[in-house]
């Protein structure tokens, strides 16, 4: 939900004094009603953000920083070394760590800061374990340290300061090679008199220094009507990284941008600053709701990652060039190179360099630092029906009934802000939702769930318990003068709980207890919107940077706020069940580590084909940086979709991790059955495809949770040496085995699908037609579905008995889709647990099977022998795609199984093996001619 | 309509099943309705009901789907497109999708769909049946009474229709009568006004002459002033040198008034006296700039005044010629009425009796004027360059009064006529049973708003505690499904919504004894739904006693 909604709220203010608000509302209505897309003037460009401008003005090649080698200290776990800025003689302290799992951490802080600088807490899951660094050589030019195997070294050059990570003759990554390291040390304010000394130090005739001291906006800056008091003065940091041999970089979400990042020469850098952007524009570097400061580089040789752990406003410049090949042993030649410059407003430089070398290694490395995707309850992977707003309990009941009447499955119905009493979250509107438990029980009876919104802005109202308690506990964010910070949001004047405070989070979590959150029940889950935080009357629609979180400025923690909100809410849902049930929390703002707390979505998109298209790279980018549980509002939030767009969006959403339809308050109703019987049937089919694949989705999330591998993957992740895949973002993989190419153009009659993997094969998921890998395939499309292919060599379990919710399907049998490779083999997995508790983790109660088809034998074996779980599910059918007709099929334990063979499609269907899904079993396929069994 | 028939059948089934104690269980595979029992013969292989294949009978309900049509698994969830038959003894038998078998949710009231899910389902059929019978009986009563009321409505509508028709022909007659009377009056009036007209013309002529004389006087005075001004040496003559002090008189515009040129202006003479100057003045007056400045309004020469006079005269004349409609917009009249007036206007113009329009008092709609007979006619008449407002009550002479009323009526007739025609042409249902709703309004008050439905006219919403009314739409059309067109009314083009469509309202009509708005809602932004009960949609209750039901 976007900023524009303020109009409706403000018009209510009109009824009461003060008059000014009324006038303002009218003014806003006039000004905003004409806006069709994002109003760029509401958001800063780099030039308008003074630190970004200052840092970007630093030119390459003149680094004033020098490493003082005599200060080098090497312990078992780290190396420290002082750096000096030769222009102002300010010293910095460099710390270097060699981390387990092929990572290097680099920290730079002021040696003697006036005040401590902010170091981001609560993002790393633990202190990353280190490995010893050893000194290889040292001279006056620098030192060389060993990073372990593969002749991997860390070269520290002293003058100017520079770091190179090399492997044999290859430079993998260089730091400050362009001399863009900049660190604005804290200083007393010049005009206070105390600052005179510092000032005189800076009278050295040097270009860089003069710039630093002379620039305006260092101690105060104004954007539009908002003045940022900046009591600590300039504190920005900047650092450059060079990636020789790299042409493709990815990540640093959230941007409405292609998967592969563009160079930012000549225009603004990519911005990371969590903002509530009304009607965002596509294909530009503007900041959006969330930030993950992780950039991935990829080439056929190697995949690496740079994790810039900083929660302040951050800008990332990307440029590329053909550079001299610096490999010492080879003759000079030109190679591609990508240079990346990070700029942040405050905090310290704290960088994790993840050295890969494979994509899966980088995912595992990043997961080892910030954790993996939380394992959602199975039903959260079903379909979610949302709208701003279902009006009352009767509306909820009739929409619920509508799904049954039209035989469309769904698991969650959602309530937006209107459900609460005057936007006082944790309450219910007494007129329209007077009996919430009755309503929730109605859903329990259908084995369905509900999500209610709980936003992190709290109505300032002395009669509202939540407000009263937060105020009395003194847990609100403070303004620069020490009073409670207040801003406008949905409820009108609101306070913002200081979620950075553990006491606040713990109190918030306690609010979700069934006896605290009145009317809540076990099947009520939570949505945290507006957690950037959104402040309608704040600078750039967010909180003033000089607001205070304890001793830290909002400036320091901004991008982290949203993560804390979701963290506290997820904790609350876990606690209310006594630690038994897995939570489900959706949030709009996020940061590195948010994957541990639930799902995110791409915010307030629009009912336009371009927004459907961009949902793919937006979620792919999030998946690359750990956040797998991603989705876009199906149908588009703003505006009203044509029935064709809506159907295509359902077909796409069914194959994206978080599958929720949502719509703006002012749009016509769009429940799936409102577009005529044909479209209803198409949407029903799309949702049913989702439900059939839930076992596969669940497995992928289980594995994402265990290993950090993304659920929704760019093709290059699985085909890292196929250059063709490096820029593809109109199709993607789910896990390794399903390739999805959504139809995102109006009136499409065909799409071209790139099938990767030369020498491999792919099977159309609907017709089972077999296609060679390594080709562009021209696929005619109708409205009935989007192209989906199963990889030859894979086995995917489905549940083909689609019921009205995922819970209803719990005990249903599986059908195994065995897609044979050209070698006649296939492999797959199945994961089963109770679907909603932590028992899988705490009590090892789960089933994890491996299916292997080889040598005309399909067998199921236990991957995790120490686990225990009994499932009612069984195997009702096995489909062998790309098979030859056998003479008999025998289940080892019980004899012959009936089967069908379809000559036209080469699909062998084994009827009702009937074995329990958790059991060991083997199916033998016998052939008259034993030499050509299934090939 | 279909729906109503269904419940009647249901009622019949229910009554029978209860009265006959219909509880005999016939052996057949689970989920098969009695009507299809014969296809499931244990002794024979089973052929899918679509004929697609034949399987051994032990594969019926074996929890594996063999038939494309799902017919081999009537009692399991194995087929995606199957259906399960709930007997629901004591209530209505029904089919549910196979996917609801053993899904943990009780769908059949007899609980037979959950035979293996662990869900404990109560048999609620008897209770449901009882409730439904009560409800149906109540509904039947309502329908019965409602249908009687409907018959009355139809009768009334018939009468009303006849009345309207006869009124229409009356109107047509009286229109003719009016026209004749107006014509007669016109002749009388013309005759009576002839002397007045002539007098007026005479007066006009005299006035023109008088004005011309006045103009001449003014000119003379002006000229005399100028002469004195030019005659610098006060010798009683204006000479060339004196004239040359006024370079603006330079005829060739080169900036210098030469001797020759000045002499030319003075008619070739070196100097002229005041009488001669009068003749020359006309050559100079356009350019002459007085030395006395600035000129005050009072010293403006008469030509200005004249021009002003003539303009205003012209304006007034033009007003007379003008199409009266364009001078005075017809605020309160139907568009229809405007065209009808043309004929009259032409006549009126000829006689300079311009009846511009008649307006009713603002609170009475045009189509009420004739029907209610409760209007005050205000006629606007243009006469002697002025507009006079006449109302019937202020016209003094009986003769005048009669004349104005006639004229007004003549003007009003066309749209009274139209309104009636419009009403007669409305689609009030197959037997005009909805005619009684015309020109009525019905209200429903909710927590926040008062909703008002004026059938065939408009729907509106007004805040309960003050605030202006919002239009939720004007009469659009009947828009029920094809087989039941008169079950839904659509009102469209209400007030626009911010960033949204214009408001519109769907009115669903259901059978009821009362005519009333029973509920309102806004299912989608700015799309309202109103439920409205009326006897006019009550269907004839079929005679239950004579019907025999196939299924038994």
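Heads up, the Cβ atoms here are built off N, Cα and C, so glycines get one too.
Any TrEMBL annotation is an automated prediction that lacks curation.
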- With TrEMBL as the source, which of B:158-181, B:182-205, B:206-229 is set down as region 'Disordered'? B:158-181
- Message: For the annotation region 'Disordered' in TrEMBL, which listed range does it cover: B:232-290, B:291-349, B:350-408?
- Response: B:291-349
- Taking the domain 'EF-hand' (B:218-253) alone, what is its mean pLDDT? 76
- Message: Going by DSSP assignments with H, G and I as helix and E and B as strand, what are the residue counts for the domain 'MRH' (B:439-540)?
- Response: 9 helix, 57 strand, 36 coil
- For the domain 'EF-hand' (B:218-253), what does DSSP give as the number of helix, strand and coil residues? 21 helix, 3 strand, 12 coil
